[in-house]
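Undergrad: Sharing the features that TrEMBL gives for it:
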BINDING   12, 56, 123  substrate binding site
COMPBIAS  7-20  compositional bias 'Polar residues'
DOMAIN    4-125  domain 'Transthyretin/hydroxyisourate hydrolase'
REGION    1-21  region 'Disordered'
């Protein structure tokens, strides 16, 4: 069955040190699964992609079969060290992890990331 929102999770990345989109930045989307009584759990990788020239993704992170469930927790993992290394720059944060909860599977969740070699910021976008 097709999900009402064909692309419920999106992201884009901007490099604030250059004022440009962060093209060629690898990222991974995972879902929290298997939570036990002791609080332990694991992350299940759902998608891996690389940002395009506009700092966005060319394909949806979730497809119709991977539609989020209510109150599901996800993690976006951005490989900032490799991105900055491509440009011959070092960075303080080798990766950035953003963990967020999907409360309403019918809603759109845009999770932008602003990066520099020594800083990071995120927010829920529209």
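Each Cβ is built from the backbone N, Cα and C atoms, and glycine gets one as well.
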Undergrad: At a C-beta cut-off of under 8 Å, are there same-chain residues at least 6 beyond the compositional bias 'Polar residues' (7-20) that contact it? List them, or none.
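TA: Those are 27, 29, 51, 54-57, 60-62, 67-68, 74, 76, 78, 102, 105, 107-117, 119, in sequence order.
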Undergrad: Around residue 123 (substrate binding site), which residues of its chain at least 6 apart sit with Cβ under 8 Å of its Cβ?
TA: 112
Undergrad: Ten-angstrom check, please: count other Cβ atoms within 10 Å of the Cβ of residue 56 (substrate binding site), all chains counted.
TA: 16
Undergrad: As a quick check of your reading of DSSP, tell me how many residues in the compositional bias 'Polar residues' (7-20) are helical, how many are strand and how many are coil.
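TA: Across the compositional bias 'Polar residues' (7-20), the residues distribute as 0 helix, 7 strand, 7 coil.
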Undergrad: Greatest CA-CA distance (Å) over the residues 12, 56, 123 that the record ties to substrate?
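TA: For the residues that bind substrate, the greatest Cα distance is 16 Å.
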Undergrad: Relative to the Cβ of residue 12 (substrate binding site), which residues of the same chain, six or more apart in sequence, are found under 8 Å away?
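TA: Spatial neighbours, sequence-distant, of residue 12 (substrate binding site): 21, 51, 54, 55, 56, 57, 110, 112, 113.
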